[in-house]
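Take a look at the structure below.
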Amino acid sequence: AAMMAAAAARRGRLGREGRASLCSFLLGASVAALPLLLGSSPALLAGPGLRGRLALALHVAGVNAALLLLYPRPLYKIAVRACFLGFAFGCGLLLSAGRSAWRHFGWYMCSLSLFHYSEYLVTAINNPRSLSLDSFLLNHSFEYNLAALSSWVEFTLEKLFFPELKQITWLSTVGLLMVIFGDCLRKAAMLTAGSNFNHIVQNEKSDTHTLVTSGVYGWFRHPSYVGWFYWSIGTQVLLCNPICVVGYALASWRFFRERIEEEEITLIHFFGEEYLEYKRKVPSGLPFIKGVKLEL
């Protein structure tokens, strides 16, 4: 996230919303420094006792007070969301650094929070006109939130009844690699598309809208969806959630099949034969999804 922000700053493209979000994310993530300040190990926050929890509560209260003083209400709404994601990332780092049974869940917390924050940051860099609170994708859909809740419930229950299932480090490492690959591919797609990328499928073609076929778009027609697909499944492999691995794979596949068909109808309307030729040459990138079917 810091690298993307630095690149944007050099080009003068990171506006005040992006700067506020980055500062707030880092402020929230500073929770990872609490063990150093308290002279304790990272396990302090995952272990028994009230000291770690009290430190967390004081950190949250202090950071929120700072945000209220620093930013007017419109920016505060951005800042508090970015700070929350930074706080989750910092807590994930603490869990990851410890040797508790929640270590892999810490990896997951880092992956989830960084994914959502980087969605906002890259949008701030690429397409600030479309930037909004929805760019965090925190309220993506009821189904998305239900899926996340289901994965937490499965992890917790299986950790209680089958604790050894949650300690398969090699499998969690495979999941983490899937997460990193998927998120990097998605962000590469967003950065390559530039202002052409939007979280909402566009029904009207703007004057600056062009067909992007270079970079990762030369590998797949829908690299951002491919990245998200493998990122979402990877989070469940990371958590060693066998039920949600299957559920996420099926639900994501169905969602992207419908989303790609809808989007390709619009792209054919926008670009006509140019897109049809591109569609013939480049695969969608998702298994068994060929996109909208037309008589060519």
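Note: Cβ is positioned from N, Cα and C throughout, glycine not excepted.
Taking Cβ pairs closer than 8 Å, the transmembrane segment (55-71) reaches residues 20, 24, 27-28, 30-31, 34, 38, 44-45, 78-80, 83, 87, 91 in its own chain, all 6 or more past its ends. Per TrEMBL, the feature transmembrane segment maps to 55-71 (among others).
The transmembrane segment annotation in TrEMBL covers 78-99 (among others). Through the fold, the transmembrane segment (78-99) approaches residues 17, 20-32, 34-35, 41-43, 45-46, 56, 59-60, 63-64, 67, 70-71, 105-114, 116-117, 120, 133, 136, 138 of its own chain, all at least 6 residues removed from its boundaries and within a Cβ separation under 8 Å.
Here TrEMBL flags 228-251 (among others) as transmembrane segment.
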